[in-house]
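For 1-22, the entry in Swiss-Prot reads signal peptide. Positions annotated as disulfide bond by Swiss-Prot: 29-50, 35-55, 39-57. Marked as site 'Basic residue of the functional dyad' by Swiss-Prot on the basis of similarity to another entry: 49. The feature site 'Aromatic residue of the functional dyad' is assigned by Swiss-Prot to 58.
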């Protein structure tokens, strides 16, 4: 059982590190498809979301 909790803690820490790499850019949007070209221009990756009318890019 201790090994399970250890693996769970490691998984949570790795997830937090990965999620902290998200980048908000100062681009307004209404749908996610509007963010893709802006994220490609800003960080070189197309992974994006439109959240609260702001583009969020994922490297």
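Cβ coordinates are placed from backbone N, Cα and C, and glycine is handled just like the others.
Long-range contacts of the signal peptide (1-22) within the same chain, counting only residues at least 6 positions beyond its ends with a Cβ under 8 Å from a Cβ of the stretch, are 56-59.
Counting only residues at least six positions away in the same chain, the Cβ atoms of 25, 45, 46, 47, 48, 55, 57 sit under 8 Å from the Cβ of residue 39 (disulfide bond). Taking the Cβ of residue 50 (disulfide bond) as reference, residues of its chain lying under 8 Å away and at least six apart in sequence are, in sequence order, 29, 30, 31, 32, 34, 35, 56. Of all Cβ atoms in the protein chains displayed, 24 besides its own lie within 10 Å of the Cβ of residue 57 (disulfide bond). Within 10 Å of the C-beta of residue 55 (disulfide bond) we count 23 further C-beta atoms, all protein chains included. In this structure, the C-alpha atom of residue 49 (site 'Basic residue of the functional dyad') lies 8 angstrom from that of residue 58 (site 'Aromatic residue of the functional dyad').
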